[in-house]
Amino acid sequence: MHFHIYFKVRLGPSNILERNPTVPTLSSGNPIYDKFYRQVDPTGSGRVTAADAALFLKRSGLADLVLGKIWDLSDSERKGALSKQQFFIALRLVACAQNGLEVALKSLNVAVPPPKFHDTSSPLLAGGGTVDLPWVVKPEEKIKFDSIFDSLGPVGGMLTGDKVKPVLLNSKLTVDILGRVWELSDLDRDGMLDKDEFSVAMYLVYRALEGEPVPMSLPPPLVPPSKRKKPSVPPVMPLLPSPPSVKDSRSSHAGSKTMPHPPKPLKSVLSSVQWAVSAADKTKSDELFNKTDGDMDGLVSGPEVRDIFLKTGLPSATLARIWELCDIGDIGKLTREQFALALHLITQKLTKGLDPPQSLTPEMIPPSDRQNIKQVSRSELSMLGLPSRTLLAKYSCLLCWTPREKSSVEEEIKEKEEAIRLRSSEVQDLQDEVARESEELQRLQTQRQRVQEMLEELDQQKCSLEEQLTHIRQQTTQETQLISSLQSEHEEQEQRICEYEEELVQAREELLALQEESRRLQEKVQAAQEQLTPLQDSVRDSFLQVAQVGFPAENITCV
(Lines of atoms letter the chains of each structure in order from A and count residues from 1; the text may use other names and numbers.)
(Lines give C-alpha, C1' and ligand atoms only; values in the text may rest on other atoms or scores of the structure.)
Protein backbone atom coordinates (compact mmCIF):
# COMPACT_ATOMS: atom_id res chain seq x y z
CA MET A 1 0.00 0.00 0.00
CA HIS A 2 1.40 3.36 -0.97
CA PHE A 3 1.26 6.69 0.79
CA HIS A 4 -0.79 8.44 -1.89
CA ILE A 5 -3.78 6.40 -0.70
CA TYR A 6 -3.68 8.15 2.66
CA PHE A 7 -4.19 11.54 1.05
CA LYS A 8 -7.15 10.68 -1.18
CA VAL A 9 -9.64 9.51 1.45
CA ARG A 10 -11.72 12.34 2.92
CA LEU A 11 -15.04 12.63 4.68
CA GLY A 12 -17.81 12.75 2.08
CA PRO A 13 -20.47 15.47 2.05
CA SER A 14 -23.30 13.16 3.09
CA ASN A 15 -21.24 12.03 6.05
CA ILE A 16 -20.92 15.61 7.21
CA LEU A 17 -24.65 16.25 6.97
CA GLU A 18 -25.43 13.09 8.90
CA ARG A 19 -23.02 13.81 11.72
CA ASN A 20 -23.52 17.60 11.79
CA PRO A 21 -27.16 18.45 11.02
CA THR A 22 -26.56 21.95 12.34
CA VAL A 23 -23.55 24.17 11.77
CA PRO A 24 -22.46 26.56 14.55
CA THR A 25 -23.26 30.21 13.93
CA LEU A 26 -20.34 32.62 14.06
CA SER A 27 -20.66 36.27 14.83
CA SER A 28 -19.79 38.59 11.96
CA GLY A 29 -18.69 41.35 14.29
CA ASN A 30 -14.99 40.52 13.87
CA PRO A 31 -13.50 43.36 11.79
CA ILE A 32 -10.70 41.11 10.49
CA TYR A 33 -13.19 38.54 9.23
CA ASP A 34 -15.29 41.32 7.67
CA LYS A 35 -12.18 42.64 5.95
CA PHE A 36 -11.44 39.20 4.48
CA TYR A 37 -15.04 38.84 3.34
CA ARG A 38 -15.01 42.19 1.54
CA GLN A 39 -12.01 40.97 -0.45
CA VAL A 40 -13.94 38.01 -1.88
CA ASP A 41 -17.34 39.74 -2.14
CA PRO A 42 -16.62 43.40 -2.90
CA THR A 43 -20.13 43.93 -4.30
CA GLY A 44 -21.83 42.70 -1.13
CA SER A 45 -23.85 40.05 -2.94
CA GLY A 46 -23.78 37.76 0.10
CA ARG A 47 -22.41 34.91 -1.98
CA VAL A 48 -18.81 33.70 -2.52
CA THR A 49 -18.27 31.50 -5.57
CA ALA A 50 -16.08 28.41 -5.52
CA ALA A 51 -13.44 30.04 -7.71
CA ASP A 52 -13.17 33.19 -5.54
CA ALA A 53 -13.15 31.17 -2.31
CA ALA A 54 -10.55 28.74 -3.62
CA LEU A 55 -8.25 31.52 -4.81
CA PHE A 56 -8.49 33.32 -1.50
CA LEU A 57 -8.17 30.27 0.77
CA LYS A 58 -5.17 29.07 -1.23
CA ARG A 59 -3.29 32.09 0.17
CA SER A 60 -3.47 30.48 3.64
CA GLY A 61 -0.61 28.15 2.68
CA LEU A 62 -2.55 25.06 3.78
CA ALA A 63 -2.33 21.81 1.83
CA ASP A 64 -4.96 21.03 -0.79
CA LEU A 65 -6.19 18.11 1.29
CA VAL A 66 -6.88 20.41 4.25
CA LEU A 67 -8.54 23.05 2.05
CA GLY A 68 -10.79 20.39 0.54
CA LYS A 69 -11.94 19.29 3.98
CA ILE A 70 -12.52 22.91 5.01
CA TRP A 71 -14.71 23.38 1.93
CA ASP A 72 -16.66 20.21 2.78
CA LEU A 73 -17.42 21.51 6.27
CA SER A 74 -18.24 25.05 5.15
CA ASP A 75 -20.45 24.25 2.15
CA SER A 76 -22.85 22.25 4.30
CA GLU A 77 -25.79 22.83 1.93
CA ARG A 78 -23.85 21.59 -1.11
CA LYS A 79 -24.63 24.67 -3.21
CA GLY A 80 -21.14 25.04 -4.59
CA ALA A 81 -20.90 28.54 -3.11
CA LEU A 82 -20.58 30.04 0.36
CA SER A 83 -22.78 32.49 2.17
CA LYS A 84 -21.20 35.08 4.41
CA GLN A 85 -21.79 32.90 7.48
CA GLN A 86 -20.29 29.85 5.73
CA PHE A 87 -17.27 31.88 4.63
CA PHE A 88 -16.69 32.90 8.25
CA ILE A 89 -16.79 29.18 9.14
CA ALA A 90 -14.17 28.51 6.46
CA LEU A 91 -11.98 31.32 7.86
CA ARG A 92 -12.33 29.94 11.39
CA LEU A 93 -11.39 26.43 10.22
CA VAL A 94 -8.34 27.86 8.43
CA ALA A 95 -7.31 29.51 11.70
CA CYS A 96 -7.78 26.19 13.52
CA ALA A 97 -5.63 24.36 10.96
CA GLN A 98 -2.90 27.02 11.14
CA ASN A 99 -2.80 26.62 14.93
CA GLY A 100 -2.47 22.83 14.81
CA LEU A 101 -6.09 22.02 15.73
CA GLU A 102 -8.19 19.36 14.06
CA VAL A 103 -10.17 20.56 11.06
CA ALA A 104 -13.62 19.77 12.45
CA LEU A 105 -16.76 21.67 13.42
CA LYS A 106 -16.06 20.99 17.10
CA SER A 107 -12.91 23.12 16.78
CA LEU A 108 -15.05 26.20 16.00
CA ASN A 109 -15.73 26.62 19.71
CA VAL A 110 -12.01 26.89 20.51
CA ALA A 111 -10.55 30.38 20.78
CA VAL A 112 -7.86 30.84 18.15
CA PRO A 113 -6.15 33.87 16.59
CA PRO A 114 -7.53 35.08 13.25
CA PRO A 115 -6.26 33.24 10.16
CA LYS A 116 -3.25 34.52 8.26
CA PHE A 117 -3.24 35.02 4.50
CA HIS A 118 -0.46 36.15 2.22
CA ASP A 119 -1.02 39.63 0.80
CA THR A 120 -1.57 39.38 -2.96
CA SER A 121 -0.49 42.98 -3.33
CA SER A 122 2.95 42.09 -2.08
CA PRO A 123 5.55 40.27 -4.22
CA LEU A 124 6.25 38.04 -1.21
CA LEU A 125 3.66 35.31 -1.52
CA ALA A 126 3.55 31.85 0.05
CA GLY A 127 7.03 30.88 1.09
CA GLY A 128 8.57 34.16 -0.02
CA GLY A 129 9.02 35.56 3.46
CA THR A 130 10.78 32.51 4.82
CA VAL A 131 14.04 32.88 2.89
CA ASP A 132 15.96 34.40 5.80
CA LEU A 133 14.44 32.28 8.59
CA PRO A 134 16.80 29.73 10.21
CA TRP A 135 15.92 26.10 9.60
CA VAL A 136 14.66 24.38 12.77
CA VAL A 137 16.42 21.12 11.85
CA LYS A 138 19.69 21.27 13.76
CA PRO A 139 22.98 20.33 12.05
CA GLU A 140 23.48 17.28 14.29
CA GLU A 141 19.92 16.14 13.50
CA LYS A 142 20.53 16.70 9.80
CA ILE A 143 23.65 14.51 9.92
CA LYS A 144 21.68 11.72 11.61
CA PHE A 145 18.79 12.02 9.14
CA ASP A 146 21.18 12.05 6.16
CA SER A 147 22.79 8.85 7.48
CA ILE A 148 19.39 7.15 7.62
CA PHE A 149 18.59 8.51 4.15
CA ASP A 150 21.80 7.05 2.66
CA SER A 151 21.18 3.67 4.32
CA LEU A 152 17.84 3.32 2.48
CA GLY A 153 19.51 3.18 -0.94
CA PRO A 154 18.37 6.38 -2.68
CA VAL A 155 18.32 6.43 -6.48
CA GLY A 156 19.36 9.70 -8.04
CA GLY A 157 19.27 11.35 -4.63
CA MET A 158 15.59 10.43 -4.15
CA LEU A 159 13.68 7.91 -2.02
CA THR A 160 10.34 6.48 -3.14
CA GLY A 161 7.42 5.91 -0.80
CA ASP A 162 8.13 2.18 -0.75
CA LYS A 163 11.59 2.79 0.75
CA VAL A 164 10.46 5.43 3.26
CA LYS A 165 7.35 3.51 4.38
CA PRO A 166 9.13 0.94 6.66
CA VAL A 167 10.98 3.73 8.48
CA LEU A 168 7.77 5.65 9.12
CA LEU A 169 5.81 2.55 10.12
CA ASN A 170 8.51 1.63 12.65
CA SER A 171 7.60 4.80 14.54
CA LYS A 172 4.25 3.14 15.48
CA LEU A 173 2.44 6.42 14.75
CA THR A 174 -1.07 6.22 13.34
CA VAL A 175 -1.61 6.06 9.60
CA ASP A 176 -3.35 9.46 9.60
CA ILE A 177 -0.36 11.14 11.24
CA LEU A 178 2.10 9.39 8.91
CA GLY A 179 0.00 10.41 5.92
CA ARG A 180 0.11 14.03 7.06
CA VAL A 181 3.88 13.77 7.65
CA TRP A 182 4.35 12.49 4.09
CA GLU A 183 2.15 15.23 2.60
CA LEU A 184 3.98 17.98 4.51
CA SER A 185 7.41 16.55 3.61
CA ASP A 186 6.81 15.95 -0.11
CA LEU A 187 7.09 19.64 -0.87
CA ASP A 188 7.33 19.30 -4.65
CA ARG A 189 4.56 16.66 -4.81
CA ASP A 190 6.60 14.25 -6.94
CA GLY A 191 5.86 11.18 -4.80
CA MET A 192 9.49 10.98 -3.64
CA LEU A 193 11.69 12.58 -0.98
CA ASP A 194 15.12 14.12 -1.38
CA LYS A 195 17.53 14.56 1.56
CA ASP A 196 15.99 17.82 2.80
CA GLU A 197 12.41 16.54 2.46
CA PHE A 198 13.39 13.33 4.28
CA SER A 199 14.89 15.42 7.09
CA VAL A 200 11.58 17.28 7.40
CA ALA A 201 9.71 13.95 7.60
CA MET A 202 12.03 12.56 10.27
CA TYR A 203 11.88 15.81 12.24
CA LEU A 204 8.07 15.67 12.28
CA VAL A 205 8.12 11.99 13.28
CA TYR A 206 10.52 12.60 16.18
CA ARG A 207 8.48 15.58 17.37
CA ALA A 208 5.28 13.49 17.15
CA LEU A 209 6.92 10.72 19.21
CA GLU A 210 7.71 13.37 21.83
CA GLY A 211 4.02 14.27 22.04
CA GLU A 212 3.99 17.35 19.82
CA PRO A 213 1.09 17.59 17.31
CA VAL A 214 1.84 17.35 13.61
CA PRO A 215 0.79 20.70 12.06
CA MET A 216 -1.86 20.84 9.36
CA SER A 217 0.49 22.97 7.21
CA LEU A 218 4.27 23.18 7.20
CA PRO A 219 5.51 26.07 9.37
CA PRO A 220 7.85 28.43 7.47
CA PRO A 221 10.86 27.70 9.74
CA LEU A 222 10.52 24.01 8.89
CA VAL A 223 10.71 24.60 5.14
CA PRO A 224 14.25 23.62 4.02
CA PRO A 225 16.30 26.54 2.71
CA SER A 226 16.66 24.73 -0.62
CA LYS A 227 12.86 24.65 -0.98
CA ARG A 228 12.13 28.25 -0.05
CA LYS A 229 10.89 30.37 -2.90
CA LYS A 230 12.61 33.55 -3.92
CA PRO A 231 10.37 36.64 -3.96
CA SER A 232 8.33 36.42 -7.10
CA VAL A 233 4.78 36.80 -8.29
CA PRO A 234 3.35 33.37 -9.11
CA PRO A 235 1.26 33.26 -12.28
CA VAL A 236 -2.01 32.39 -10.57
CA MET A 237 -4.44 34.98 -11.91
CA PRO A 238 -3.90 34.41 -15.66
CA LEU A 239 -4.70 30.70 -15.22
CA LEU A 240 -8.14 31.28 -13.69
CA PRO A 241 -11.29 31.61 -15.78
CA SER A 242 -12.71 35.10 -15.96
CA PRO A 243 -14.90 35.82 -12.94
CA PRO A 244 -18.54 36.69 -13.52
CA SER A 245 -19.36 40.36 -13.90
CA VAL A 246 -21.02 42.42 -11.20
CA LYS A 247 -24.22 42.29 -13.14
CA ASP A 248 -24.16 38.52 -13.32
CA SER A 249 -23.40 38.28 -9.62
CA ARG A 250 -26.31 40.52 -8.73
CA SER A 251 -28.70 38.70 -10.97
CA SER A 252 -27.58 35.41 -9.45
CA HIS A 253 -28.06 36.81 -5.96
CA ALA A 254 -31.51 38.06 -6.93
CA GLY A 255 -32.61 34.46 -7.26
CA SER A 256 -32.21 33.76 -10.96
CA LYS A 257 -32.21 30.01 -11.67
CA THR A 258 -30.06 30.44 -14.74
CA MET A 259 -26.75 28.73 -14.03
CA PRO A 260 -23.53 30.38 -15.30
CA HIS A 261 -22.27 28.69 -18.43
CA PRO A 262 -18.70 27.37 -18.54
CA PRO A 263 -16.30 29.23 -20.77
CA LYS A 264 -17.13 28.62 -24.41
CA PRO A 265 -13.56 27.89 -25.53
CA LEU A 266 -13.60 24.66 -23.43
CA LYS A 267 -16.13 22.86 -25.62
CA SER A 268 -14.71 24.18 -28.86
CA VAL A 269 -11.18 23.16 -27.89
CA LEU A 270 -12.23 19.70 -26.81
CA SER A 271 -14.18 19.05 -29.99
CA SER A 272 -11.54 20.32 -32.42
CA VAL A 273 -8.28 19.01 -30.94
CA GLN A 274 -6.85 15.66 -32.09
CA TRP A 275 -6.47 12.89 -29.51
CA ALA A 276 -2.91 12.34 -28.29
CA VAL A 277 -3.23 8.53 -28.64
CA SER A 278 -2.44 7.44 -32.21
CA ALA A 279 -4.58 4.93 -34.08
CA ALA A 280 -1.80 2.31 -34.00
CA ASP A 281 -1.35 2.68 -30.23
CA LYS A 282 -5.14 2.52 -29.81
CA THR A 283 -5.27 -0.77 -31.74
CA LYS A 284 -2.55 -2.30 -29.56
CA SER A 285 -4.18 -1.10 -26.36
CA ASP A 286 -7.55 -2.49 -27.50
CA GLU A 287 -6.01 -5.94 -27.92
CA LEU A 288 -4.55 -5.78 -24.43
CA PHE A 289 -7.82 -4.38 -23.07
CA ASN A 290 -9.80 -7.32 -24.52
CA LYS A 291 -7.45 -9.76 -22.78
CA THR A 292 -7.64 -7.86 -19.49
CA ASP A 293 -11.39 -7.24 -19.37
CA GLY A 294 -12.27 -10.64 -17.92
CA ASP A 295 -15.93 -9.90 -17.14
CA MET A 296 -16.47 -8.21 -20.55
CA ASP A 297 -18.18 -5.17 -18.99
CA GLY A 298 -16.17 -2.66 -21.00
CA LEU A 299 -14.23 -1.57 -17.90
CA VAL A 300 -10.99 -2.72 -16.24
CA SER A 301 -10.40 -2.38 -12.52
CA GLY A 302 -7.20 -1.75 -10.59
CA PRO A 303 -6.59 -5.43 -9.73
CA GLU A 304 -7.05 -6.38 -13.40
CA VAL A 305 -4.40 -3.95 -14.69
CA ARG A 306 -2.11 -4.12 -11.66
CA ASP A 307 0.30 -6.66 -13.18
CA ILE A 308 0.39 -4.76 -16.49
CA PHE A 309 1.27 -1.52 -14.74
CA LEU A 310 3.85 -3.05 -12.38
CA LYS A 311 5.66 -4.79 -15.25
CA THR A 312 6.55 -1.36 -16.65
CA GLY A 313 8.95 -0.83 -13.74
CA LEU A 314 7.71 2.72 -13.07
CA PRO A 315 7.51 3.95 -9.47
CA SER A 316 4.24 3.29 -7.69
CA ALA A 317 3.65 7.01 -7.19
CA THR A 318 3.90 7.62 -10.95
CA LEU A 319 1.54 4.75 -11.75
CA ALA A 320 -0.92 6.02 -9.13
CA ARG A 321 -0.77 9.49 -10.69
CA ILE A 322 -1.45 8.08 -14.17
CA TRP A 323 -4.41 6.07 -12.84
CA GLU A 324 -5.85 9.17 -11.14
CA LEU A 325 -5.54 11.19 -14.36
CA CYS A 326 -7.16 8.52 -16.53
CA ASP A 327 -9.96 7.60 -14.11
CA ILE A 328 -11.85 10.70 -15.18
CA GLY A 329 -15.12 9.63 -13.58
CA ASP A 330 -13.50 8.60 -10.27
CA ILE A 331 -15.26 5.20 -10.49
CA GLY A 332 -12.22 3.07 -9.75
CA LYS A 333 -12.22 1.60 -13.28
CA LEU A 334 -11.00 2.59 -16.75
CA THR A 335 -12.90 2.54 -20.02
CA ARG A 336 -11.30 1.32 -23.23
CA GLU A 337 -10.14 4.80 -24.22
CA GLN A 338 -9.02 5.69 -20.70
CA PHE A 339 -6.97 2.49 -20.64
CA ALA A 340 -5.37 3.49 -23.96
CA LEU A 341 -4.57 6.92 -22.49
CA ALA A 342 -2.96 5.29 -19.44
CA LEU A 343 -0.71 3.15 -21.66
CA HIS A 344 0.12 6.27 -23.70
CA LEU A 345 1.24 8.17 -20.57
CA ILE A 346 3.28 5.15 -19.43
CA THR A 347 4.95 4.93 -22.84
CA GLN A 348 5.75 8.66 -22.78
CA LYS A 349 7.45 8.21 -19.40
CA LEU A 350 9.41 5.08 -20.46
CA THR A 351 10.55 6.28 -23.90
CA LYS A 352 10.84 10.05 -23.51
CA GLY A 353 11.08 10.49 -19.76
CA LEU A 354 7.99 12.73 -19.71
CA ASP A 355 6.29 12.81 -16.31
CA PRO A 356 2.48 12.67 -16.16
CA PRO A 357 0.99 16.17 -16.27
CA GLN A 358 -0.68 17.78 -13.28
CA SER A 359 -3.95 17.67 -15.21
CA LEU A 360 -5.07 16.32 -18.58
CA THR A 361 -4.49 18.66 -21.51
CA PRO A 362 -7.30 18.97 -24.09
CA GLU A 363 -5.58 16.63 -26.54
CA MET A 364 -5.24 13.95 -23.84
CA ILE A 365 -8.94 13.78 -22.90
CA PRO A 366 -10.49 10.68 -24.58
CA PRO A 367 -13.07 11.55 -27.28
CA SER A 368 -15.89 9.72 -25.51
CA ASP A 369 -15.24 11.67 -22.32
CA ARG A 370 -15.23 14.94 -24.24
CA GLN A 371 -18.77 14.26 -25.44
CA ASN A 372 -20.03 13.46 -21.96
CA ILE A 373 -18.27 16.26 -20.06
CA LYS A 374 -20.86 18.56 -18.49
CA GLN A 375 -18.68 19.92 -15.73
CA VAL A 376 -15.61 21.99 -15.24
CA SER A 377 -12.57 19.99 -16.34
CA ARG A 378 -10.00 18.67 -13.90
CA SER A 379 -7.47 21.15 -15.21
CA GLU A 380 -9.80 24.05 -14.34
CA LEU A 381 -10.45 22.55 -10.89
CA SER A 382 -6.74 22.32 -10.22
CA MET A 383 -6.42 25.96 -11.28
CA LEU A 384 -9.00 26.80 -8.63
CA GLY A 385 -6.65 25.35 -6.04
CA LEU A 386 -9.04 22.63 -4.81
CA PRO A 387 -8.39 18.86 -4.97
CA SER A 388 -9.71 17.16 -8.11
CA ARG A 389 -11.62 14.67 -5.95
CA THR A 390 -13.92 17.42 -4.66
CA LEU A 391 -17.30 16.21 -5.87
CA LEU A 392 -19.46 17.83 -8.53
CA ALA A 393 -21.96 19.21 -6.06
CA LYS A 394 -19.39 21.74 -4.88
CA TYR A 395 -19.32 23.37 -8.29
CA SER A 396 -22.99 23.33 -9.23
CA CYS A 397 -22.82 27.08 -9.73
CA LEU A 398 -20.38 26.51 -12.59
CA LEU A 399 -22.49 23.90 -14.40
CA CYS A 400 -25.04 24.25 -17.12
CA TRP A 401 -27.29 21.30 -16.26
CA THR A 402 -31.00 20.97 -16.57
CA PRO A 403 -32.83 20.08 -13.33
CA ARG A 404 -33.23 16.51 -14.52
CA GLU A 405 -29.53 16.16 -15.29
CA LYS A 406 -28.65 17.74 -11.98
CA SER A 407 -30.87 15.29 -10.11
CA SER A 408 -29.32 12.39 -11.99
CA VAL A 409 -25.79 13.58 -11.22
CA GLU A 410 -26.65 14.17 -7.56
CA GLU A 411 -27.96 10.61 -7.33
CA GLU A 412 -24.77 9.37 -8.94
CA ILE A 413 -22.76 11.45 -6.47
CA LYS A 414 -24.55 9.83 -3.54
CA GLU A 415 -23.75 6.38 -4.94
CA LYS A 416 -20.11 7.33 -5.38
CA GLU A 417 -19.95 8.79 -1.88
CA GLU A 418 -21.27 5.51 -0.53
CA ALA A 419 -18.64 3.68 -2.56
CA ILE A 420 -16.01 6.06 -1.16
CA ARG A 421 -17.10 5.29 2.40
CA LEU A 422 -16.95 1.57 1.71
CA ARG A 423 -13.55 1.88 0.11
CA SER A 424 -12.36 4.07 2.97
CA SER A 425 -13.34 1.30 5.37
CA GLU A 426 -11.56 -1.25 3.19
CA VAL A 427 -8.49 0.99 3.03
CA GLN A 428 -8.49 1.34 6.82
CA ASP A 429 -8.78 -2.43 7.20
CA LEU A 430 -5.92 -2.90 4.79
CA GLN A 431 -3.86 -0.31 6.63
CA ASP A 432 -4.48 -2.11 9.92
CA GLU A 433 -3.56 -5.39 8.29
CA VAL A 434 -0.40 -3.83 6.87
CA ALA A 435 0.50 -2.56 10.32
CA ARG A 436 -0.04 -6.02 11.80
CA GLU A 437 1.91 -7.68 9.03
CA SER A 438 4.68 -5.12 9.45
CA GLU A 439 4.92 -5.95 13.16
CA GLU A 440 4.95 -9.65 12.35
CA LEU A 441 7.56 -9.04 9.66
CA GLN A 442 9.69 -7.08 12.09
CA ARG A 443 9.39 -9.88 14.67
CA LEU A 444 10.35 -12.48 12.08
CA GLN A 445 13.25 -10.32 10.89
CA THR A 446 14.48 -10.05 14.49
CA GLN A 447 14.11 -13.81 14.91
CA ARG A 448 15.88 -14.37 11.61
CA GLN A 449 18.70 -12.10 12.77
CA ARG A 450 19.10 -14.12 15.96
CA VAL A 451 19.05 -17.40 14.04
CA GLN A 452 21.53 -15.96 11.57
CA GLU A 453 23.86 -14.98 14.41
CA MET A 454 23.54 -18.49 15.89
CA LEU A 455 24.30 -19.99 12.48
CA GLU A 456 27.34 -17.78 12.10
CA GLU A 457 28.54 -18.80 15.58
CA LEU A 458 28.00 -22.48 14.75
CA ASP A 459 29.83 -21.98 11.47
CA GLN A 460 32.78 -20.55 13.39
CA GLN A 461 32.71 -23.49 15.79
CA LYS A 462 32.47 -25.86 12.85
CA CYS A 463 35.48 -24.25 11.18
CA SER A 464 37.46 -24.45 14.43
CA LEU A 465 36.56 -28.12 14.92
CA GLU A 466 37.38 -28.89 11.31
CA GLU A 467 40.80 -27.32 11.77
CA GLN A 468 41.34 -29.33 14.96
CA LEU A 469 40.15 -32.49 13.21
CA THR A 470 42.50 -31.88 10.31
CA HIS A 471 45.41 -31.37 12.70
CA ILE A 472 44.53 -34.53 14.64
CA ARG A 473 44.22 -36.48 11.41
CA GLN A 474 47.64 -35.27 10.35
CA GLN A 475 49.10 -36.33 13.70
CA THR A 476 47.29 -39.68 13.44
CA THR A 477 48.75 -40.24 10.00
CA GLN A 478 52.23 -39.40 11.24
CA GLU A 479 51.84 -41.72 14.25
CA THR A 480 50.50 -44.48 12.00
CA GLN A 481 53.46 -44.09 9.68
CA LEU A 482 55.83 -44.11 12.64
CA ILE A 483 54.20 -47.24 14.07
CA SER A 484 54.41 -48.94 10.67
CA SER A 485 58.07 -48.02 10.46
CA LEU A 486 58.74 -49.35 13.98
CA GLN A 487 56.84 -52.52 13.22
CA SER A 488 58.90 -53.04 10.08
CA GLU A 489 62.06 -52.39 12.00
CA HIS A 490 60.92 -54.77 14.75
CA GLU A 491 60.23 -57.51 12.24
CA GLU A 492 63.65 -57.00 10.69
CA GLN A 493 65.27 -57.17 14.10
CA GLU A 494 63.36 -60.36 14.98
CA GLN A 495 64.45 -61.86 11.68
CA ARG A 496 68.04 -60.92 12.40
CA ILE A 497 67.78 -62.38 15.90
CA CYS A 498 66.57 -65.62 14.41
CA GLU A 499 69.44 -65.62 11.99
CA TYR A 500 71.83 -64.79 14.80
CA GLU A 501 70.45 -67.62 16.90
CA GLU A 502 70.90 -70.06 14.04
CA GLU A 503 74.43 -68.80 13.50
CA LEU A 504 75.04 -69.09 17.26
CA VAL A 505 73.86 -72.69 17.27
CA GLN A 506 76.09 -73.46 14.32
CA ALA A 507 78.98 -71.67 15.96
CA ARG A 508 78.40 -73.63 19.15
CA GLU A 509 78.32 -76.84 17.26
CA GLU A 510 81.49 -75.90 15.42
CA LEU A 511 83.03 -74.83 18.75
CA LEU A 512 82.17 -78.16 20.29
CA ALA A 513 83.60 -79.95 17.28
CA LEU A 514 86.74 -77.85 17.44
CA GLN A 515 86.99 -78.38 21.18
CA GLU A 516 86.64 -82.16 20.67
CA GLU A 517 89.23 -82.12 17.94
CA SER A 518 91.52 -79.97 20.10
CA ARG A 519 91.08 -82.43 22.90
CA ARG A 520 92.01 -85.33 20.63
CA LEU A 521 94.98 -83.47 19.28
CA GLN A 522 96.10 -82.65 22.78
CA GLU A 523 95.81 -86.31 23.62
CA LYS A 524 97.85 -87.14 20.53
CA VAL A 525 100.40 -84.48 21.39
CA GLN A 526 100.58 -85.76 24.86
CA ALA A 527 100.95 -89.33 23.59
CA ALA A 528 103.61 -88.20 21.18
CA GLN A 529 105.26 -86.30 23.95
CA GLU A 530 105.21 -89.34 26.03
CA GLN A 531 106.84 -91.29 23.20
CA LEU A 532 109.32 -88.49 22.43
CA THR A 533 110.65 -88.21 25.96
CA PRO A 534 112.15 -91.70 26.03
CA LEU A 535 113.60 -91.13 22.59
CA GLN A 536 115.19 -87.86 23.66
CA ASP A 537 116.61 -89.57 26.66
CA SER A 538 117.94 -92.38 24.44
CA VAL A 539 119.51 -89.86 22.01
CA ARG A 540 121.09 -87.97 24.81
CA ASP A 541 122.54 -91.13 26.13
CA SER A 542 123.80 -91.99 22.68
CA PHE A 543 125.53 -88.58 22.39
CA LEU A 544 127.16 -89.16 25.66
CA GLN A 545 128.35 -92.52 24.60
CA VAL A 546 129.70 -91.21 21.34
CA ALA A 547 131.46 -88.43 23.13
CA GLN A 548 132.98 -90.88 25.32
CA VAL A 549 134.27 -92.95 22.37
CA GLY A 550 136.02 -89.89 20.93
CA PHE A 551 134.19 -89.00 17.78
CA PRO A 552 133.84 -85.31 17.04
CA ALA A 553 130.39 -84.08 17.76
CA GLU A 554 130.05 -82.47 14.34
CA ASN A 555 130.46 -85.80 12.71
CA ILE A 556 127.53 -87.25 14.51
CA THR A 557 124.29 -86.84 12.62
CA CYS A 558 121.46 -85.98 14.80
CA VAL A 559 118.55 -88.17 14.40
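Using the three backbone atoms N, Cα and C, a Cβ is placed for every residue, glycine included.
Taken verbatim from TrEMBL:
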- 413-531: coiled coil (COILED)
- 232-244: compositional bias 'Pro residues' (COMPBIAS)
- 29-118: domain 'EH' (DOMAIN)
- 141-229: domain 'EH' (DOMAIN)
- 173-208: domain 'EF-hand' (DOMAIN)
- 280-315: domain 'EF-hand' (DOMAIN)
- 281-371: domain 'EH' (DOMAIN)
- 220-267: region 'Disordered' (REGION)
Are there residues at least six beyond either end of the domain 'EF-hand' (280-315) with Cβ under 8 Å to its Cβ atoms? List them, or say none.
160, 162, 191-192, 322-323, 331-337, 339-340, 342-344, 346-347, 349-350
Segment-level pLDDT (mean, integer) for the coiled coil (413-531):
90
Taking DSSP states H, G and I as helix and E and B as strand, how many residues of the domain 'EH' (141-229) are helix, strand and coil?
52 helix, 6 strand, 31 coil
